[in-house]
Every structure is written in structure tokens, then in C-alpha cells.
Amino acid sequence: MINEEKLHNLRHSLAHLLAAAVIELYPDTKNTIGPTIEDGFYYDFDFKSPISDKDLPKIEKKMREILKTWKEFQGEEKSEKEAKEHFKKNEYKIELIKEIEGKKEKITFYKSGEFVDLCRGGHLENPAKDISPDAFKLDRVAGAYWRGDEKNKMLTRIYGLAFETKEELDAYIKQQEEAEKRDHRKLGALLDIFEYDDDVGPGLPLWLPNGGIIIEELEKLAKETEFTAGYERVRTPHIAKESMYLKSGHLPYYKESMYPPIEYEGGKYYLKAMNCPHHHKIFAARPKSYRDLPLRLAEYGTVYRHEKSGELFGLMRVRMLSMNDAHIYCAKEQFVSEFKAVNEMYLKYFKIFGIGKYVMRFSTHDPKELGKKYVDEPELWLETEKMVREVLIESKIPYVEVANEAAFYGPKIDVEVWSAIGKEFTLATNQVDFAIPKRFNLVYTDKDGKPRTPLCIHRAPLGTHERFIGFLIEHYAGNFPLWLSPVQVKVIPVRMNHNEYAKQVFELLKENNIRAELDDADENLGSKVRSAKISKIPYWLVIGDKEITSDKVTLESRDAGQLGQLSKEELVSKLLEEIKSKK
RNA sequence: GCCGAUAUAGUUCAGUGGCAGAACACUACUUUCGUAAAGUAGGAACGUGGGUUCGAUUCCCACUCUCGGCUCCA
């Protein structure tokens with residue numbers, strides 16, 4: 001088994017090799033940086049004329065040629081002057097050299113064959129011997145901004161896959177192909193869950209009936225859970241006047257991702273991109289006492305965000321989102337227990353859905369950005385961040401803390417998950433807001449008769465329908481548990497003359513609110529079973545002479561195979577029990 | 001938004017400067033069948049707008065959508 005450092009060195013050496021091959025084939029190209037990544041390496045270049053993935057085989061061939069001549073890596077320390085002289089035509093390297101110099105670190109060059117690069121080291125001793133020429137593959141070409149900043153020039157990034165052996169590379173490629181099969185975009189079409197239409201617009205999904213059922217079930221779960229937890233449901237309009245977003249302070253921070261306003265009778269109306277201000281207005285609609293707190297206002301609120309065209313991705317990144325939103329208004333003393341209760345709700349949901357692989361990301365502010373990216377309340381930032389951190393530690397929830405990623409109005413905790421093809425997404429969010437209630441002059445009368453401003457917790461444990469269902473499709477690979485399955489049972493008569501009895505069973509299931517479908521097509525049994533399996537339906541019933549004679553049904557399961565004969569009553573109670581258990 | 005790629009029936013994929021092909025799905029008929037595809041027939045497509053050409057789905061240009069990334073995000 002190769003150790004991590006060796007694999008890193010292998011990939012890092014290959015990045016050098018890629019740069020060497022590119023420079024040899026395209027001599028006027030400027031090479032920039034080339035780190036290793038999870039499955040290989042990449043290198044960013046500034047090409048004089050653009051290249052495409054059609055050029056990769058040629059580059060790959062050149063790499064293999066050069067590899068034979070690379071018997072060692074020689075490191076050498078250079079002065080700033082020598083380094084700048086060597087890279088005088090490459091402004092990117094000059095920038096890096098200045099940076100290294102600024103940090104008072106050593107400048108080192110590494111040379112293999114004819115190729116020299118600015119590098120801090122970490123290579124194989126003998127690339128020609130230690131790199132298997134068929135265990136790497138140039139994967140794709142992509143654009144990437146210099147230093148990851150969209151204000152900078154766009155460079156051309158070449159990605160490569162690299163492993164110790166060809167077998168590992170092949171296994172990795174195979175595994176990626178398997179993962180693509182559970183891609184929610186593919187399964188979403190196969191299972192008739194959602195669709196896009198050019199006339200409706202990009203990022204605006206149409207939920208087909210099967211998607212509609214999943215949405216209804218999720219909302220039912222949320223409504224029941226929130227009712228028990230003391231939330232109250234509200235409803236708010238989809239548009240609002242500009243003045244509200246000016247008051248909330250959202251407009252300067254959010255204008256880019258809001259749809260342009262509708263001008264009407266001299267006023268500007270915006271499509272809402274968040275529900276918070278509307279809920280704040282509901283808080284303000286009646287005078288509040290400390291006895292009204294905590295006040296928990298919930299709504300599956302639909303919002304519109306004009307995400308950049310290149311950012312759209314299946315159901316995971318869309319322009320219309322229905323959010324499992326709620327705002328909890330509480331006194332400072334109530335904050336910890338409320339925040340804890342919200343966390344517990346998250347964990348309860350994750351248990352229901354069997355979500356185990358996620359990261360809790362605690363995002364805090366950056367004092368340097370106060371007044372710019374974040375509201376200028378240095379003490380409140382520190383105070384609320386401390387409270388959140390303590391709740392996390394006390395609840396023993398593993399988390400990572402990242403600075404400079406908070407919302408503009410307070411710290412937040414995001415739940416990060418990965419899509420089938422490896423993209424990272426925030427599935428759910430839980431945010432503290434100490435700023436906007438003040439801007440809206442939200443107050444309650446405290447015990448001492450004085451007005452006080454409440455804290456606000458924004459929370460959306462089920463995220464948005466779009467992203468959550470996109471995630472669930474991949475999480476279950478389309479094999480939804482019974483309670484979420486659009487079709488729960490398919491009734492399959494063996495021959496046409498069994499249709500009548502099958503229809504009776506079908507009606508019985510429907511009377512019990514079980515989502516059944518009757519397949520009375522003039523087809524043979526094998527073909528009907530096949531279509532039930534392809535649609536990933538959790539249960540089907542086979543009805544033929546045997547069943548009619550015994551007045552029973554034969555139950556079969558997608559996950560557990562043949563379950564034998566049951567009476568109709570047993571069938572209904574078994575299914576209802578499983579639906580109720582949400583297993 | 002930026003860099004690169006793609007676009008042919010509902011889906012997966014062929015193909016061509018001169019009448020557009022398959023499989024599955026769909027519809028009808030035949031068949032009446034016990035566990036992942038019965039048979040026959042039929043309807044159904046070259047993303048949009050320009051250009052080159054006697055003629056463009058094919059070549060060129062622009063746009064749009066989608067895909068792979070970057071940036072951003074629930």
C-alpha cells in the first residue's frame with residue numbers, strides 16, 4: 001500500500017511533467033501553478049492561443065516521452081534576483097516569487113531533465129522508474145481564474161488523474177462511472193421527478209407528479225415536526241417593495257442575485273430572494289411582550305435568485321427555491337436553548353433519512369471586513385459566535401470552524417454534503433441574526449416595561465425542496481423508502497382475466513391512502529415486473545389464479561425479494577405500518 | 001458571468017452536401033402467458049436565427065440550452 005506522501009509526490013512530479021510537455025509543445029505558454037488534488041493533479045497555464053480537450057492525447061504522449069528522460073529531481077536555492085531573472089517573461093511566477101520573498105521564505109527551483117520550475121519540493125526521486133506511464137491520464141480542460149479570483153485573468157487548467165498503478169486508475173474510472181448512474185439528473189428523468197423546459201427558463205424546474213408527491217411528503221414531515229416544536233405557520237407574498245429590502249439591508253448585499261425589479265405605478269417591486277424580511281414584518285404586525293417569546297414563524301417559502309448561468313446544476317443550483325424556512329425570535333437568555341433545539345431537529349431529520357456523511361461548517365466573520373461584508377457590530381459578532389460555539393461543543397456535534405464565511409447579519413452553521421459526482425453543496429443552514437431585527441425596529445416589551453430587540457435564528461434544516469430532493473435521489477440511488485415513494489405498490493395481474501380481482505385490491509389500497517398503481521396492460525408477467533423494477537417501485541403484488549382462489553395476494557419487494565402470500569388485511573396493515581415508521 | 005465542449009424521435013445512440021436509421025418507450029391489432037423485454041404494424045427527430053451553395057441536418061457565423069470546470073451558493 002502506497003503511503004500518502006509518496007502518492008502526493010507522484011502526483012506532484014506529474015504536474016511538473018505536464019508543464020514540461022506543454023512548454024515543449026507550446027513554447028510561448030506561461031506556466032503558473034500545479035498542485036495535487038484528491039484524484040490526481042492539475043496545472044494552470046496562460047496559453048497564447050486556446051487549446052481544447054482534443055489536444056490532450058498529444059500532450060499526454062509528450063509527457064510519456066519526456067518521462068523516460070527524468071531520472072531525478074535536483075533542488076537548488078536561488079536569490080530573488082536570480083529567480084526573477086529566470087522567470088522574467090512570466091508575470092505569474094514573478095508574483096509568486098515576490099510573495100515568497102515577502103514571507104522571508106527560501107526560493108527553490110527544481111530541475112528534472114531540461115525542465116526547471118519554481119517549487120517548494122516534494123517529488124519522487126526517480127520519476128522514470130517510479131511513475132508507471134499507464135497509471136495517469138489527462139482528464140479534462142477547464143477555465144480557472146488566476147489565484148481563484150474572478151477579477152483576474154482566466155487561465156486554462158488541465159486536470160490529470162494519477163494513481164500508483166493502472167489497476168487503481170481503472171478502478172477509479174469505473175467507480176466514477178458507477179457514481180454517475182445515481183446522478184439525480186439522470187434518475188430524475190428516469191423516475192419522472194422533474195424536468196426543464198426552454199420556454200420556462202433555465203434554473204426553473206417543473207415538478208412532475210412524482211416530484212409533487214415527494215414534495216408533499218417532505219412538507220408533511222416538516223409541518224408535523226414544527227407543530228410539535230411550537231412553530232406557527234405563516235404565508236407571505238412573493239414580491240415586495242424596494243423600501244423593504246433597503247430597510248433590511250439585503251439590497252446592497254444581494255442585488256446581484258435578485259431578479260431586476262418590476263416597475264409598477266411608480267414603485268419598484270422585487271421578487272423575494274429570501275423570506276426573512278416578510279417574517280420580520282409579521283413580527284412587527286402586533287405589539288409583542290416578553291411573554292410572546294420565543295416566537296417561531298415557519299413557512300415553506302418560495303424565493304427567486306438570479307444565479308449566474310454557469311452556476312446552474314440540475315436541482316442542486318436553481319433560480320426558484322422552496323425553502324424549509326423559519327425564523328425564531330427570542331430574548332438573549334433564550335438563545336442557547338432555542339439554538340440547541342434547532343440542532344436537535346437537524347439530527348432528528350438526519351436520522352430519518354439516514355444521512356451520515358456530512359460536515360457541519362461553522363462560519364464566522366472576519367474583523368477586517370466589518371462594515372463591508374458584515375454589519376459593523378464587533379461585540380455582537382463575538383458574543384453570538386461564542387454562544388454558537390458553546391452549543392456545538394456542549395451538544396458534542398463535530399464541526400469545522402471557518403472564518404470570513406458568515407452571513408452579513410450573523411454567524412451560521414451550514415451542513416455540507418456531496419453530490420454523486422463529487423460536487424460539494426450546502427444542504428441546510430442555521431443562522432444567527434442580530435442585525436436585521438434592529439433595522440426593522442423589532443421590539444418586545446420586557447418584564448421591566450422597557451422595549452428590547454430580540455435575536456433571530458434563521459433555520460432551514462430540510463434546506464430547499466430542490467436541493468434536498470436532488471440530494472435524496474442520489475442518497476437513495478432512486479430507491480426511495482416506502483413513505484417517500486411516488487408509487488408505493490404496483491398491482492400486477494398475471495393475465496387479463498385477473499384484472500377484476502386486481503382492481504379490487506387496487507381500490508382497497510387507495511381507500512387506505514396507499515399510493516397504488518394497477519398495471520392491467522395486455523403484457524406478460526415478466527415484462528410488467530421488469531417495468532416495476534426499472535421504476536424502482538418498493539412493492540408489487542402478483543395476482544393470478546392462486547391468489548383469487550385463496551382470496552390473498554402475493555407480495556414482492558424491491559429490497560427484500562419474495563415475501564409470500566398475505567391476506568388483504570395483513571397487506572394493508574403491513575404497508576401502513578411501514579409508511580408510518582418512515583423506514 | 002468567465003474558459004472549454006456538446007446539441008439527430010420521449011430516451012439511448014447511428015448517419016449523410018442530394019427522400020433521415022436502429023433499439024427501447026408510445027399507439028393499434030394479434031396473443032392470454034406465474035416473475036427483468038411475446039409478435040406484427042403504425043405515428044414520432046436533425047436546438048434557434050443568419051450565411052455559403054443549384055441544394056445545408058451536414059460547411060461557416062451568431063444566439064440559446066445543456067455538460068465539464070472557475071467564481072458563487074440553499
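Glycine is treated like the rest: Cβ placed from N, Cα and C.
TrEMBL: automatically predicted annotations, no manual curation.
For the Zn(2+) site that TrEMBL gives as A:CYS276, A:HIS458, the extra residue drawn from A:HIS184, A:HIS327, A:HIS365 is A:HIS327. Non-local contacts of A:HIS327 (Zn(2+) binding site) by the CB criterion (under 8 A, 6+ apart in sequence, same chain) comprise A:ASN275, A:CYS276, A:HIS279, A:HIS280, A:PHE283, A:ARG296, A:LEU297, A:CYS456, A:ILE457, A:HIS458, A:ARG459.
Those residues of the chain, other than A:CYS276, A:HIS327, A:HIS458, with a C-beta within 8 angstroms of the mean position of the Zn(2+) site C-beta atoms are A:MET274, A:ASN275, A:HIS279, A:HIS280, A:ASP325, A:ALA326, A:GLN431, A:ASP433, A:ILE436, A:CYS456, A:ILE457, A:ARG459.
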